[in-house]
Amino acid sequence: MYNDALDHAAKKHTRKPLNQHPLKFPEKYSSAFTLMRIPFSVYLMPVFWFALSTLQHVVFWQAVIVFLILHVLVYPASNGYNSYYDRDEGSIGGLKNPPKVNRQLMHLVLLFDALAILCSLLLSPLFAALVALYLVISKAYSYEGIRLKKYPIASTFVVTFFQGAFTYAMVQVGAGLSWHLVLAQPNIWFALVSTLFLCGSYPLTQIYQHTEDSRRGDRTLSLLLGINGTYLFAALSLLTGSGLLLWLYFSTHQVQNIIVFLVCTAPVLYFFTGWVLRAQKDAGEVNYENTMLMNKISSLCISAAFLLMIALKMWQT
């Protein structure tokens, strides 16, 4: 979701062929489908569960449709489009050894885009409009004519807002919450929490890609901050988001949720602290494996926290 004109023109004319080694037709789509990285959607699940956890009532079938649209269609379409223009030669999120990009990848991206919008119309025109806007913004992040990804501040704002607060609101609209309630307090503050959490996790996904990003001319936030700066920025963002969330729970008399959140996210704090300390002694610790492990632990633990909150709310009512 992530230089000057001479550099841009040079890259455009020195682009590597999309298919250096021809593949058979089914293999081309299989290779392209891999680059959609559907399993990688698990790392964006916490926002979905968070948005549902703050609702008083959830219509099960609507929630299922929203989940499938986002995690099976929208996020993979964004991943595929990003891969199409990045043409990474090294590890990317969810794929240690990504296959070569081919034209079939764009076919799948457009198909997933269309399916996402059409399926969204089953819920409401507003939800479909929000999904369409998300897809457009995600393409501006990677498209070479705009490529927000090479602007560290702009890209960070776009990613953390649209994958955070915007998605939080989009989920609730899809689940049936009226727009004026989505924008009401304290719900709008909960939406801000999701953006703060994304501020913490987003630069960590770039921390092992400094060489690859520099090669493409993308000045990412992590590249701007450096290794230690990235860790510090992530820690401050996560701490601020957690602090705001705990205060919101306390002020709305949801003490039970405070306990659930602290217990479930303890493994995240443990791993992150250990990773930072190890990286101070050995720069080799800043690698793909540790980044993906951090993402996996944080995603699963935070998702578990919000899922447990939802379950407890249903059980108590």
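Backbone N, Cα and C atoms are what each Cβ position is placed from, and that goes for glycine too.
TrEMBL labels come from automatic prediction, so no person has curated them.
Here TrEMBL flags 32-52 (among others) as transmembrane segment.
TrEMBL lists 59-78 (among others) with the feature transmembrane segment.
Here TrEMBL flags 105-136 (among others) as transmembrane segment.
TrEMBL lists 157-182 (among others) with the feature transmembrane segment. Non-local neighbours of the transmembrane segment (157-182) in the same chain are 1-2, 44, 47-48, 50-52, 54-55, 58-59, 62-63, 65-66, 69-70, 120, 123-124, 126-127, 130-131, 134, 137-138, 140-141, 148, 188, 190-192, 194-199, 202; each lies 6+ residues outside the stretch with a CB under 8 Å from one of its CB atoms.
Within its own chain, the transmembrane segment (188-208) has Cβ neighbours under 8 Å at 2, 43, 46-47, 50-51, 54, 91, 93, 156, 159-161, 163-165, 167-169, 182, 220-223, 225, 227, 230-231, 233-238, 240-241, 244-245, 248, 286-288, 290-291, 294-295, 298, 302, counting only residues six or more beyond its boundaries. Per TrEMBL, transmembrane segment is recorded for 188-208 (among others).
Marked as transmembrane segment by TrEMBL: 229-250 (among others). Within the chain carrying the transmembrane segment (229-250), a Cβ under 8 angstroms from the stretch's Cβ atoms is held by residues 186, 189-190, 192-194, 196-197, 199-201, 203-204, 206-207, 221-222, 257-258, 261-262, 265, 272, 276, 279, all 6 or more beyond its ends.
Long-range neighbours of the transmembrane segment (256-277) within the same chain, counting only residues 6 or more positions beyond its ends whose Cβ lies under 8 Å from a Cβ of the stretch, are 53, 231, 234-235, 238, 242, 245-246, 249-250, 285, 290, 293-294, 297-298, 301-302, 304-305, 308-309, 312. Annotation comment: TrEMBL describes 256-277 (among others) as transmembrane segment.
The transmembrane segment feature in TrEMBL is assigned to 297-315 (among others).
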Mind pulling out the one from 32-52, 105-136, 297-315 with the most Cβ pairs under 8 angstroms to the transmembrane segment (59-78)?
105-136
